[in-house]
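*Asks:* Swiss-Prot feature annotations, pasted as is:
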- 79, 104, 131, 132, 133, 134, 135, 136, 137, 138, 139, 200: 5-phospho-alpha-D-ribose 1-diphosphate binding site (BINDING)
- 194, 199, 200, 201: uracil binding site (BINDING)
């Protein structure tokens with residue numbers, strides 16, 4: 001069954017409050033989203049495997065631990081998920097980046113695919129899917145399904161704010177996928193937006209609707 005981890009570090013909570021504030025402009029919003037993603041990356045990557053390696057310091061030879069095993073792929077759900085990639089890459093610069101393009105039909109509220117490009121070795125990588133908002137869960141479910149169809153086996157979902165309905169939907173559809181979020185909001189409005197949420201993350205990141 002999926003594990004849901006809410007990351008409540010004081011720095012994350014502070015920056016998330018600024019992200020939620022409607023007075024925060026696109027420039028600051030982008031920077032804050034990237035910063036929160038970088039802070040969350042510490043917890044999201046906690047279980048990456050390490051191995052002992054021999055190195056030489058200026059003083060002597062010694063044994064240290066470095067990442068081993070499967071490499072990482074960060075896969076944003078376009079377009080809003082792109083805002084979290086920079087923060088992840090600052091801590092995992094060797095990660096490859098895939099892209100899944102989905103948009104929400106404003107009438108049906110269901111996701112529609114328009115783009116998919118992934119690393120060829122996606123099945124050999126630890127995959128971190130990024131999307132600031134987990135609302136109905138439809139986009140995340142479809143993105144994870146696409147990844148599995150391409151061979152991905154180890155997938156985690158990382159978001160800034162998750163609605164309880166979205167968490168329930170994803171855990172039921174993909175019980176093997178762990179979810180990491182900075183906040184859990186209780187409800188969705190009639191338009192499928194998280195309440196209180198932060199509005200439309202893509203619009204606020206890029207200043208376009």
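In case you wondered, yes, glycine gets a Cβ from its N, Cα and C as well.
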*Asks:* Please compare the binding-site residues 131, 200 by how many other CB atoms fall within 10 Å of each one's CB, and tell me which has the fewest.
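*Replies:* The binding-site residues 131, 200 were compared, and 200 has the fewest Cβ atoms within 10 Å.
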*Asks:* Nearest to residue 135 (5-phospho-alpha-D-ribose 1-diphosphate binding site) by Cα distance: which of the binding-site residues 194, 200, 201 is it?
*Replies:* 194
*Asks:* When you average the Cβ positions of 194, 199, 200, 201 for the uracil site, which other residues in that chain have a Cβ within 8 Å of that mean position?
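*Replies:* For the uracil site, the extra neighbours are 80, 132, 133, 193, 197, 198, 202, 203, 204.
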*Asks:* Using other CB atoms within 10 angstroms as the count, which residue among the binding-site residues 137, 199 scores least?
*Replies:* 199
*Asks:* Report, in whole Å, the straight Cα-to-Cα distance of residue 133 (5-phospho-alpha-D-ribose 1-diphosphate binding site) from residue 200 (uracil binding site).
*Replies:* 9
*Asks:* Restricting the comparison to the binding-site residues 194, 199, 201, which residue's C-alpha is spatially nearest the C-alpha of residue 137 (5-phospho-alpha-D-ribose 1-diphosphate binding site)?
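*Replies:* Checking each of 194, 199, 201 against residue 137 (5-phospho-alpha-D-ribose 1-diphosphate binding site), the shortest Cα distance is to 194.
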*Asks:* Relative to the Cα of residue 199 (uracil binding site), which of the binding-site residues 79, 131, 133, 139 has the closest Cα?
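*Replies:* The smallest Cα gap between residue 199 (uracil binding site) and any of the binding-site residues is with 133.
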*Asks:* Near residue 194 (uracil binding site), which residues of its own chain have a C-beta under 8 A away, given they sit six or more steps off in sequence?
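*Replies:* Counting only residues 6 or more apart in sequence, the Cβ neighbours of residue 194 (uracil binding site) under 8 Å are 133, 135, 161, 162, 163, 166, 185, 187, 188.
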*Asks:* Using Cβ atoms only, which residues of the same chain lie under 8 Å from residue 79 (5-phospho-alpha-D-ribose 1-diphosphate binding site) while being at least 6 residues apart in sequence?
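*Replies:* Result: 101, 202, 205, 206.
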*Asks:* Measuring Cα to Cα, how far is residue 139 (5-phospho-alpha-D-ribose 1-diphosphate binding site) from residue 201 (uracil binding site) in Å?
*Replies:* 14
